[in-house]
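**Q** Mind looking over this structure? Questions follow.
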Amino acid sequence: MNRHKEACDFTIFGVLGDLSRRKLIPALYQLDRARLLDDKTRIIGVARHELSQDAFIARMQGSLETFVGEPLDSEVVNRLLGRMQYVLINLDRPEEYRRLDKVVDQEQRILINYFSVSPFLYGNICTGLDHAGLITPTTRVVLEKPIGRDLATSRAINDAVAKVFTEEQVYRIDHYLGKETVMNLLALRFANSIFTTNWDHNTIDHVQITVAEQVGIEGRWGYFDKAGQLRDMVQNHLMQILTLVAMEPPVDLNGDSLRNEKLKVLKALRPITRENVEDKVVRGQYGPGFIKGKPVPGYLEEKGGNPHSTTETFVAIRVDIDNWRWADVPFYLRTGKAMATKRSEVVINFKRLPHNIFSDSYRKLPPNKLIIRLQPDEGVEIEMLNKVPGIGEGIELQRTMLDLSFSEAFSGERITDAYERLLLEIMRGNQALFIHRDEVERSWSWIDSIQDAWAQCNEPPKPYPAGSWGPVASVALLARDGREWEE
Ligand SMILES: NC(=O)C1=CN([C@@H]2O[C@H](COP(=O)(O)OP(=O)(O)OC[C@H]3O[C@@H](n4cnc5c(N)ncnc54)[C@H](OP(=O)(O)O)[C@@H]3O)[C@@H](O)[C@H]2O)C=CC1
Ligand SMILES: O=C1O[C@H](COP(=O)(O)O)[C@@H](O)[C@H](O)[C@H]1O
């Protein structure tokens, strides 16, 4: 691993697509602004449209103007655009990859190949790069999620990539791993003794992980309807958050140390099958409703959609981890589109104390909670009991919050976008924030079992109004265990 910035030929396949325009190009702008790109680094955009270099630069400038979200620094814009070069390649045609050979220089710079296209094109790109003799031991490849749609397709894609790249050359992106607050889970857990020593079945009752999105599908029907929320969000983002919360302490922060500990958690997930799927999983689909006071269509009425689709837009799951640390500590996951608000958080619910010595007003003392706000309004809260000040008789208790809001505690620090961090780590050659093939395949195998169980049950998803917290059945999922969601 090289911790220093290196000169790269950063090549984006699918440079005119949504991800590239909305996330990658703006992230490169921020890195250039922070002087984190080597002076010799170049950005090569690959797409299949006849486009002059000037027209390409104009399109990239348009992306910056639309998606950077702050006034642009013209000096940085000019420097960044000056690094860019367009190359026309139809990714299905191996003979066209030779055009890249003319622009990359692997003696001077590291070649990074970012596949910002459908995963079903990854094999073709690998063949094309190999055909053109562009793969050397220092070449890197970046794969976007989702890798496939199940274990079989993910294996086929990983096999195609493994024909030409070693695992040490592959960077599988899950952008949640680049979010400040997700990375902070490591600091919280392994830099603070109060948590390190209170992080198991002895002190924790259960864990909740919520990733609620307020947006609906909004023009992404073609992709989303074939995927659904389980594949789109749980297989990757929620599984990664879960593994970071549940894993054993890694020996250090190196890529393999972290990835091995995460993998052990995935191996310990209790399978969900036809026999228990109805008790453990709730599938929902949003209907018409109101978001921010405005009427919004249901999933089946979205533009370009199929009015008979049974694809889920919401999932809630009780996950059990069969290992020593988490015996009898359920992890409840929920994620959905078109929900009441955008909110992602992890809530660690501690156990109740066995006995109450205080007033009768609390029959049982409410347990402590640690709330980790992943986004928005990033921060950490601890819910605890305090004495109400005063000289009255006895000790009166009140629930209080210790609230560490990142915007206040680190005021002046800009919260970097996940892609900025991840692109930088790829350029540095640090694999710690990227996913190993074994993790992807373990996760798919667990998800496939739920998909199979759903297919056997053949039950339609439960409806919920857009702008709500999901189907009522998701409340019942916890109520059956005597618990409730953090609201
Ligand atoms: N968009 C997002 O927010 C996210 C995307 N991802 C992943 O990122 C990847 C890209 O997604 P996204 O940008 O949304 O997809 P888009 O469809 O917007 O972009 C893909 C690009 O690939 C190009 N392309 C397709 N086939 C070929 C070909 N044969 N030769 C050359 N170019 C081709 C398309 O060009 P053309 O215009 O000619 O069809 C298009 O510009 C996917 O793997 C997706 O799952 C992951 C997380 C979030
Ligand atoms: O990967 C994806 O993530 C987004 C949500 O990302 P966030 O950073 O805005 O939380 C989700 O909307 C999309 O469907 C999914 O493919």
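Placed from the backbone N, Cα and C atoms, the Cβ positions cover glycine too.
Whatever TrEMBL says is automated annotation, not expert-curated.
As annotated by TrEMBL, active site, proton acceptor applies to His237. Marked as NADP(+) binding site by TrEMBL: Arg48, Lys145. The feature substrate binding site is assigned by TrEMBL to His175, Lys179, Glu213, Asp232, Lys337, Lys342. Among the features that TrEMBL reports, domain 'Glucose-6-phosphate dehydrogenase NAD-binding' is placed at 12-184. Sequence annotations record features per position, and here TrEMBL assigns domain 'Glucose-6-phosphate dehydrogenase C-terminal' to 186-486.
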**Q** Within 10 Å of the Cβ of Lys342 (substrate binding site), how many other Cβ atoms are there?
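**A** Other Cβ atoms within 10 Å of Lys342 (substrate binding site): 12.
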**Q** Max Cα-Cα distance in Å among His175, Lys179, Glu213, Asp232, Lys337, Lys342, the residues listed as binding substrate?
**A** 20
**Q** What three-state secondary structure does DSSP assign to Asp232 (substrate binding site)?
**A** helix
**Q** Tell me the Cβ contacts of Asp232 (substrate binding site) under 8 Å, same chain only and six or more apart in sequence, or just say none.
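**A** In sequence order, the residues whose Cβ lies under 8 Å from that of Asp232 (substrate binding site) (at least 6 apart) are Pro146, Phe224.
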**Q** Hey, how far is Lys179 (substrate binding site) from the residue listed as 'active site, proton acceptor', Cα to Cα, in Å?
**A** 11
**Q** Listed binding-site residues are Arg48, Asp232, Lys337, Lys342; which sit with C-beta under 6 angstroms of ligand 2?
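**A** Only Asp232 meet the Cβ criterion.
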**Q** Looking at the binding-site residues Arg48, Lys145, Lys337, Lys342, which has the shortest Cα distance to His237 (active site, proton acceptor)?
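**A** In terms of Cα distance, His237 (active site, proton acceptor) lies closest to Lys145.
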**Q** Go through the binding-site residues Glu213, Lys337, Lys342 and tell me which ones have a CA within 10 A of the CA of Lys145 (NADP(+) binding site).
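**A** Hits: none.
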**Q** Filtering Arg48, Lys179, Glu213, His237 (recorded positions) by proximity to ligand 1: which pass a Cβ cutoff of under 6 Å to any of its atoms?
**A** Arg48
**Q** Highest Cβ count within 10 Å among the binding-site residues Arg48, His175, Lys337: which residue is it?
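**A** The residue with the most neighbouring Cβ atoms within 10 Å is Lys337.
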**Q** Sorted by position, what residues of the same chain at least six away from Glu213 (substrate binding site) have a C-beta under 8 A from it?
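**A** Listed in sequence order, they are Thr335, Gly336, Lys337, Ala338, Met339, Lys342.
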**Q** Looking at the recorded positions Lys145, Lys179, His237, which one has the fewest other Cβ atoms within 10 Å of its own Cβ?
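**A** Least crowded of the recorded positions Lys145, Lys179, His237, by Cβ count within 10 Å, is Lys145.
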**Q** What is the average pLDDT across the domain 'Glucose-6-phosphate dehydrogenase C-terminal' (186-486)?
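**A** Average per-residue pLDDT within the domain 'Glucose-6-phosphate dehydrogenase C-terminal' (186-486): 93.
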**Q** For His237 (active site, proton acceptor), just give me the three-state DSSP call.
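**A** SS state of His237 (active site, proton acceptor) = helix.
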**Q** Whole-number answer please: how many Å between the C-alpha atoms of His175 (substrate binding site) and Arg48 (NADP(+) binding site)?
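**A** With distance taken Cα to Cα, Arg48 (NADP(+) binding site) is 26 Å from His175 (substrate binding site).
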